[in-house]
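First up is the structure itself, then whatever we jot down about it.
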Amino acid sequence: MALRRRGEALISILFGLCSVRYVFSDDPVVATSSGLISGRRFRISDKDVDAFYGIPYAKPPVGDLRFRKPQPADPWNGTYKATTKPMACNQLDIRFIKGVTLSYQNASEDCLYMNVWRPSGLCDSTESCEKKLPVVVFIYGGGFQWGDSGLFVYDGANFVALSDVIFVSFNHRLSMMGFLSVGTSDLPGNLGFWDQLLVLKWVQQNIGRFGGNPQDVTLLGHSAGAVSAGLHAVSQLSKGLFHRLIMQSSSPLSLVLGLSYKGAGRFLNIAGKLGCYLPEKDWTTQVPNIIGCLRKIDVDVIFKKIAEQDPVNQFFSPVYGDEFIPADPLSLSTWKMVHVKEILMGTTTDEGTLFVDNIKYAAPQLETVLKIDYRLGAVLALSAIFHIPVPAGKTIIREYFGDEGVEHDHVTVIKLFSDIVGDLLMNCATDLFAEVTSAQGIPTHRYVFEHRPSYSLWPKNFGVAHADDLFKLLSSLRYSEEEEGFMKQLIRTWSSFIKTGGCDFALWDMNETRTADPMALDIFCTTRKPLGTHYNCEGMRPITICFYPRLERSRSYDDEFTLADSRADSIAGLRNPLVTGGKPGPVRDSYPDFPPVTSRFREPAPKFARRQRASAG
């Protein structure tokens, strides 16, 4: 915990001091289904807020409960003191930018806790409330590998003070502990999603005692949390547990899900490294013993071994084929029935810059390759990172970089490559999901966040980067007078959607804002304005929707394990079959063309809608 707080303190210095002013009074007490809890009361934005930190929602997933679905927390006697933010779940250290890393060496496997913020004075007793405020449940991002509800940038106090809603955040299991899968019923995977599901059930059972309305719940997710939220919107297990959906900076149609490994490869790789798998024997007969062995190994030893793996084998991602995600999420048939009333979703102007910076850090040779031959390097990178076939990669590169005769300096190359990555991971996933849901008649509202905060964590050349909107929406920072007004307006806009679900953005006069105020939020309703005009998303359709289900997902378990271990060549650790001896090899157009697509996807070959990206203020 101390190490994490030290890293968080460095980020606090970069942002400026927090603006929370604690004025303690009588501790608020609530009677939950598990027992009494007491919280803290403080004042922020001239309003009193009650905060309950670290409420247990599940039994600690340790010992025999490791790699199992979560079980509800045991009841307790007396009053549980919910006044300290919970320890983060085990994860690797996370690098933000050069020189800024959060260390999670002191994280814990006993981490399934949640936080609740509410306006003070809602309830006359500890057991019941006449007030029934709207509820927001927040899921953090982090690529399913990282996340920490205790970070100050996820603090819901200021949002509650300015919006008059109940705000809930929580930890769920991550990385190997949350997403290890063997592809069979012994360990189907997606345990992190089951943690999230248990939180939603806890909210239904208990939030009324905090003054919240269990029939008016909005699920809010950022980045990988947005992917999670979208998957809950289609999972039959989550049906009826929430009613509105906010997805910031991604959707389940992101290639993050396309990169998941369904099968035994990742499982056998880490089991072998930890001494739990005998490769000379049939692995299918060893699965129960392997899982039993993994349950006995100290969690710190596990994550030390994960940290020693190449970047590809450090990631443990969601898979489909279990109870929670029975069908391929990158197949449109999965999304025929989305069970929410309204959706708000959006992105920032420069989603890809942060990810490209981290890709360059993980694969330093990539920047060298881009300097030698940026078109070839970009094609290889798309193949290595996203498994995009070479013909498709060439088409993408040509669309963004122009024809062969068009030359760019290195700064422009990195910017254009960042645009590609942002479109693949965030922008097009958002556009395509919004199109699918609005076609079902679900009111779907789409925004583009164009303001770079003065306190942005990221370097200036990152532009309006990933999470810049979230830092404005949550946390409790000291803003300039101008930015404080913008922050309050942003929260009012979000809370208006949370309370009504309507596309009423009368607060925003976009014509006036664009010319007079650089702090712009470009919001429009997809039911009134067609998509596909902001990014090069038209050509991403067959890449995102068609390619993965038909090709990548067709590998057998044994094939996937062989591929994962046989690709010895890499761009500094990013496995790539097109790279030989650490040097770029010949580009082979040996991948099949895009599979035939339905009339919904227009023509088989990518046809890009020219970008009309709004410039940052």
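A Cβ is built for glycine as well, from the same backbone N, Cα and C atoms used for every other residue.
Keep in mind it's a predicted model, so treat the numbers as computed, not measured.
Listed features, source TrEMBL:
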type: SIGNAL; residues: 1-25; note: signal peptide
type: DOMAIN; residues: 26-501; note: domain 'Carboxylesterase type B'
type: ACT_SITE; residues: Ser223; note: active site, acyl-ester intermediate
type: ACT_SITE; residues: Glu351; note: active site, charge relay system
type: ACT_SITE; residues: His466; note: active site, charge relay system
type: REGION; residues: 576-617; note: region 'Disordered'
type: COMPBIAS; residues: 608-617; note: compositional bias 'Basic residues'
Least surrounded, by Cβ count within 10 Å, of the active-site residues Glu351, His466 is His466
In terms of DSSP three-state secondary structure, what is the assignment for His466 (active site, charge relay system)? coil
Return the count of C-beta atoms lying within 10 angstroms of the C-beta of Ser223 (active site, acyl-ester intermediate), excluding that atom itself. 26
Round to the nearest Å and give the CA-to-CA distance linking the residue listed as 'active site, acyl-ester intermediate' with His466 (active site, charge relay system). 9
What does the structure give for the C-alpha distance between His466 (active site, charge relay system) and Glu351 (active site, charge relay system)? Integer Å is fine. 5
Where the residue listed as 'active site, acyl-ester intermediate' falls in three-state DSSP terms: coil
